[in-house]
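Q: The structure that follows is given in the form of structure tokens.
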Amino acid sequence: MELASPPGNSSGTVPALPFSSLSEFEGHMSLALHTANANDNTSLDKPAVSGPIVASLSMTLGVLSNIVALLILANSYARLRRRSKAAFLLFATSLVATDFMGHVIPGAIVLKLYLSEGVPATQYARPDALCQFLGGSMVFFGLCPLFLGCAMAAERCLGVTRPLLHASLVSATRTKVSLSIIWLAALCMALLPCFHLGSYSYQYPGTWCFIKVLEDTAEADVAFVLLFSGLGLGSLALALVCNTTSGLTLLIGRMRKQRCNRQRARSHDIEMVVQLVGIMVTSCICWSPLLIFGLMSVTRSYEGSVGDDLATYRMLMITGVRLASWNQILDPWVYILLRRAVLRKIYLVTKRQVDLSSIRRWEPNSLHSAEKTTVSNHV
């Protein structure tokens, strides 16, 4: 059976393909597939459309939370300037102020990068001045809360276990000097890439910058990440030891039933230790993943064993930095919620509920026993 020739082809032969050979056709198809895959990868590397909205809401929540906490702490510091709690309040106010700046400055840059749809994946390894500043800000505002939390825990541990030594050593001037040293140490750490000790680079999906932990990492990058993560995890560990010591000391003091005025002084210590435990737990949950994921990523990258797991490590890093950003939002709520006035109200409400439930549970039994007593008396 003969196929009819298509219209316009009077010779009856099959029209020629637009490619002169099969190899040319295969080359064209492979080029088309490569272009399509490149377009898909480009679209995957672009930040999500909802990114600016989420970043704006997170930034607004963090700013409002820090402002409220600053007002509470400033009011408390003005009232308790000459008491033993003044040093703790000065540390706490500095921590919240640092969290506030650390939320506004990097947050504004990240929001700008989101609105510009981020940096292409081909430019990740070519950081500009904006990336250098953002990376340095991430390191500085990341280490400061961890250092301050550790210093606050050490100060309270000294105040609880050695109150006389604390009174002779701790003063407003020395507290301010300690704050300056902490900020200076974090700043020196952030400026190490300026002396070619490590480097910053854009991170997936091109909307933030951090220490280079993936792709073409050098020995200096590994050392930089080890130092950053080591200082962060060391601060958390030291804070854990100090807070545990303070808590056990307060617990033993309560069990010994000390004098009434001593109990009143201890109530301030309990409030501060509870707040420190809240800060420590928040920092551990929010910062530990980024510190650990950074170590994992840079080690695997330097060994050249990332391979097909590159996308996985990218997602681990972005998950870690998102958790770390919540530290600056949750820290202020530690001071807002874990105050003596709030804790006392929670205690009274809980106690009232427990009393009501016990009354409801025991009331039928009491009536039943009363009826039995009445019956026995009549008999």
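Including glycine, each Cβ sits where the backbone N, Cα and C put it.
Summarising the annotation, TrEMBL assigns domain 'G-protein coupled receptors family 1 profile' to 65-335. The transmembrane segment annotation in TrEMBL covers 53-74, 86-113, 133-154, 181-202, 222-252, 273-296, 316-338.
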Q: Check the transmembrane segment (181-202) against each of 133-154, 273-296, 316-338 and return whichever range has the most CB pairs under 8 Å.
A: 133-154
Q: If you average pLDDT over the domain 'G-protein coupled receptors family 1 profile' (65-335), what do you get?
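A: A mean pLDDT of 87 is what the predicted model shows over the domain 'G-protein coupled receptors family 1 profile' (65-335).
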Q: What residues elsewhere in the chain lie close to the transmembrane segment (133-154), defined as a C-beta under 8 angstroms and at least 6 residues from its ends?
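A: Tertiary neighbours of the transmembrane segment (133-154) are 88, 91-92, 94-95, 98-99, 101-102, 105-106, 109-110, 127, 178-179, 182-183, 185-187, 189-191, 193, 200-201, 208-211, 228, 231-232, 235-236, 238-239, 242-243, 246, 276, 279-280, 283, 287, 290, 321, 324, 327-328, 331.
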Q: With Cβ-Cβ distances below 8 Å as the criterion, list the same-chain residues six or more beyond the ends of the transmembrane segment (53-74) that contact it, or say none.
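A: Beyond its ends, the transmembrane segment (53-74) has Cβ neighbours at 89, 92-93, 96-97, 99-100, 103-104, 107-108, 110-111, 114, 325, 328-329, 331-333, 335-336, 339.
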Q: Taking residues 6+ outside the transmembrane segment (86-113), which of them lie with a CB under 8 Å of any CB in it?
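A: Here the qualifying positions are 47, 52, 55-56, 58-59, 62-63, 66-67, 69-70, 73-74, 76-77, 80, 119, 130, 133-134, 137-138, 140-142, 144-145, 148-149, 151-152, 155-156, 159, 170-172, 175-176, 179, 183, 206-208, 272, 275, 279, 325, 327-329, 331-332, 335.
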